[in-house]
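Read the structure below first, then the notes.
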Amino acid sequence: MKPINLKFLYPSQFFFSIFILTVFITLNISAAISGGGNTYIPILLLFILSAGFFLPFKIINGTFRVYKKFIFLLIFIFYFFLKAVFQYDDLSRFFAYTLGTSGGIILFYMIGCLVSNLFFKIYDLKKSFQINLLLFLLLIFFNLCLYYIFKSIYSNLRVDILLISDLDAGYQRSGDLITILFVIGSFIVYYLFESIKGLYLSVVTLVLYLFMLFFVVMSSQLIGSNKGFVIPLIISIILFYCIFFKVEMVDKEKFRYFKFLAIALLLSAVSYVVINIDFDALRFSGYGSGEESSLTSRIQIFKNNFYTHFSYSPYIGHLEVDSKLTGAGTYVHSFLFFCLTHFGIIGLGIIGVYLVLCFNFLSGNSNIQVFKRYVFVFILAFAVIATSLFWPVIWFVIGLLCPVFVCANSEIKK
């Protein structure tokens, strides 16, 4: 059967799907800021429908392939399900941890896979004017949404410190969602730098990206999310390194970009002096205490609780070991050690094999593969030292960089 050519529809699908996902993220963060409980599930379903709309055609064409490494993730999910049956009072928590909008590993993994498929389909078309225009429009839309989020947060600040007055535990979810949006924006900027020609368009792209970075890191600090502060900064450094040292350009162009970045940093320093931002009032400084409270508390929890939790059931772990032994929420904040205490050596072995296969999948010397590999290693390293297994960002990034499926007419990498 002759394959159906749908390439002319890919740019519109990409723009509409990313637009819908951005709206979903923006509304969720705004709801958390205002104290609302709406998670806007219909908008998320619309994104899934639009991003996966052409998948049935790809299956019919025979160009839909599932990577073999996915079997290890399926085994881990099944292992998680079996543990939930015997170790949870009911299965509602299992579904919350796999499909929930606050930390569902399957949900965010599949969102990452769908976004990856959207990028894959337009990558070969990136040199077209239409694609570049749509990507520019998306960057502008990202900035408008991030400005709206920043403005909403700023209007609800406390008077004593730079922290939103009433967000409770929702700051983690908001910080994760805004980080996911920044990751998508970073890949859009990278693709633009690989395709556009001319200094002025490149500078405009950098300006839009720097505005994104500012809104994300400041919004994250104002809601109390250090993860949303650190991760975008490091990813932006990785992006600039890959652009200036990996993407082919003449030395004259590199000098111009470095000059622009130097001017941008100088203007940032001037802005700090003029605005007189009190960094002692921000969370990453410990609100003037001289130490990072979230970091020190994580270290203390590890020292006090890890061995106790791990020795309770070292081979298979226990999903509620913290509640049983030291109190709910006193688990170790580390992807690695959380796996050991809650899923045991067996669970860590399964997920470890899958992550190794994902890293091998990102092998290669092409510019985009190098960028992906750096981002993957950084996110994984950050998760190992700072987050649990159910961190949405790492599962989104795994889905984005190492998707379960691919749609292509050429030979598929296994």
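Note: Cβ is positioned from N, Cα and C throughout, glycine not excepted.
The transmembrane segment annotation in TrEMBL covers 12-33, 39-58, 70-88, 94-119, 131-150, 170-193, 200-223, 229-245, 257-275, 335-362, 374-398.
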Stretch with greatest number of CB pairs under 8 Å, the transmembrane segment (229-245) reference, 12-33, 39-58, 94-119, 170-193, 335-362 candidates: 170-193
Interface present between the transmembrane segment (131-150) and the transmembrane segment (374-398) (three or more C-beta pairs under 8 A): no
Proximity verdict for the transmembrane segment (335-362) and the transmembrane segment (70-88), three or more C-beta pairs under 8 Å: yes
Winner by Cβ pairs under 8 Å against the transmembrane segment (170-193), considering only 70-88, 131-150, 200-223: 200-223
Interface-richest range of 12-33, 39-58, 70-88, 94-119 toward the transmembrane segment (131-150), CB pairs under 8 Å: 12-33
Intrachain residues whose Cβ lies under 8 Å of the transmembrane segment (39-58), provided they are six or more past its termini: 4, 6, 9, 13, 16-17, 20-21, 23-24, 27-28, 31, 64, 101, 110-111, 114-115, 117-118, 407
Same-chain residue ranges lying at least 6 outside the transmembrane segment (70-88) that approach it to Cβ under 8 Å: 94, 97-98, 105-106, 109, 316-320, 343, 346-347, 350-351, 353-354, 357, 404
